[in-house]
Each structure stands twice: as C-alpha cells, then as structure tokens.
Ligand code: IP8
C-alpha cells in the first residue's frame with residue numbers, strides 16, 4: 001500500500017493564483033496511470049496556488065481558526081476545484097480515482113490532534129478505487145476550523161493504513177545538503193540538523209525540516225523526490241532522499 005503526496009507547488013503555478021501547472025500535472029498523472037497494477041494507492045495533494053491565499057486572507061492556519069463559514073467555503077471550494085482537476089486528469093488516464101474531502105470526514109480535538117477516520121478509505125481501496133485527498137479546512141474543537149496540510153494527512157494516513165511505502169513528490173529532487181546535493185538517506189534528524197536548521201520546530205505548514213521530522217516518526221520508509229523521480233518511486237525504487 002502506497003501513500004503518495006503530490007506537492008501543491010509541483011502541480012500548480014505558484015506565481016499565479018488558482019492556476020495549474022498543466023504539464024507537471026499531466027506528467028504526474030501519467031506516472032500514476034502507468035504504475036498502477038495491483039498496488040493499492042492513496043493520493044494526497046497540497047494546495048500550491050489554490051487555497052493558500054484564501055486561507056491567509058482570512059487569517060486561517062493550522063493553529064489559527066475561524067468560525068466564519070463563508071471563509072471556510074472559500075478555502076474548501078478552492079481546494080475542491082484543484083481536487084477536481086487532479087481527479088479529471090487521473091480519470092482521463094483510466095485511473096479509478098475518487099474524491100475524499102477532509103472537511104467532511106476529519107476534525108481536530110481541542111489539543112490539535114488530527115482525527116481521521118479511514119473505514120471509507122479502506123473500503124475504497126478494497127474495491128479498487130484510488131482515493132484522492134487534499135489539504136483542507138477541518139472543524140477544530142474550541143477554534144472553529146483550521147487548516148490541515150497535505151503533509152499532515154500523509155503522515156496520519158500512513159500510520160492508520162499501515163502504508164508500506166510513502167512518497168512525497170516535491171519541487172526539489174530530495175533533501176539537499178549545504179552544496180545542494182541530494183542526501184541519499186536520513187536515519188535521524190541529527191544527521192541533517194545542520195543543513196535543515198536545528199530550531200525549526202515551529203514550522204508546521206510544510207517546510208523541509210517539518211517534513212523530515214514527521215517522516216522519521218513513521219514506521220515505513222519514506223522518499224522525498226522531484227517529479228522526475230515519481231515513475232521510479234512508483235516502480236519500487238528509492239529516488240531522491242530515503243527517510244528511514
Ligand atoms: O499545500 C494546504 O495544503 P498544503 C491546504 O499541503 C489549504 O499545505 C491551504 C487549504
């Protein structure tokens with residue numbers, strides 16, 4: 001079972017609001033379509049130029065919530081629009097992709113813990129579907145609703161679905177060292193603290209340090225790679241950086 005994140009910056013044009021990077025999205029969905037044989041796959045995508053600007057306009061983040069339903073619908077609506085684009089590109093390639101919107105399924109407890117039920121995902125996978133989730137807004141006890149990032153969903157899904165492999169398709173070819181060379185393997189955060197910054201604990205929205213920390217905490221191995229590594233990852237190889 002594979003959990004794959006398609007980074008928002010990979011599939012959208014970050015310079016222009018609500019604009020796809022059509023070529024990259026096609027390349028990514030081609031790789032998914034070519035790889036799928038008997039493998040169970042869950043796809044999660046980020047927001048890129050969708051969702052983030054609406055969220056910052058309304059002051060909503062992973063910790064700052066809102067009770068303004070209109071603001072939530074705007075953020076959620078932007079993410080659903082992107083989700084629809086991803087789904088349609090997958091369907092065009094005969095991937096049986098179906099949407100799962102975290103707003104309707106997940107929530108946070110008062111301490112911020114993400115509660116993400118997976119019964120429907122397990123049934124979808126058993127029935128041969130490819131669930132496609134996305135970063136979203138979710139109800140948050142005591143705070144209205146806050147953002148859940150794609151990275152956070154990936155980590156939680158990997159845990160709950162006991163994923164065998166986790167892949168993060170990013171705009172960089174892996175975790176880079178001080179000379180911009182791809183680091184092959186990371187076994188502990190100390191291995192990379194000097195390049196990623198030792199005091200990055202506040203970065204909860206998806207900086208590389210936060211990604212590495214979250215992935216190190218998981219049972220399964222994870223890979224961070226660029227779009228050019230996606231096909232080989234789905235083929236069972238370890239492109240980019242492997243996080244043990
Ligand atoms: O791009 C963002 O998800 P991410 C979700 O994975 C939003 O951080 C802004 C609604």
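Positions of Cβ are set from backbone N, Cα and C atoms, glycine also.
TrEMBL labels come from automatic prediction, so no person has curated them.
According to DSSP, residue 48 (ATP binding site) is assigned to coil rather than to any helix or strand. Note: residue 48 (ATP binding site) has non-local neighbours 7, 8, 9, 10, 11, 12, 13, 14, 21, 82, i.e. same-chain residues 6+ apart with C-beta under 8 A of its own C-beta. Per TrEMBL, ATP binding site is recorded for 5, 6, 7, 8, 9, 48, 207, 211.
The DSSP secondary structure for residue 150 (substrate binding site) is helix. The substrate binding site annotation in TrEMBL covers 47, 52, 150.
The domain 'Aspartate/glutamate/uridylate kinase' annotation in TrEMBL covers 1-218.
DSSP assigns residue 14 (site 'Transition state stabilizer') to coil in the three-state reduction, outside any helix or strand. As annotated by TrEMBL, site 'Transition state stabilizer' applies to 14.
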Within the predicted model, mean pLDDT of the domain 'Aspartate/glutamate/uridylate kinase' (1-218): 93
Which binding-site residues sit within 10 Å of residue 52 (substrate binding site) - Cα, from 5, 6, 207, 211: none
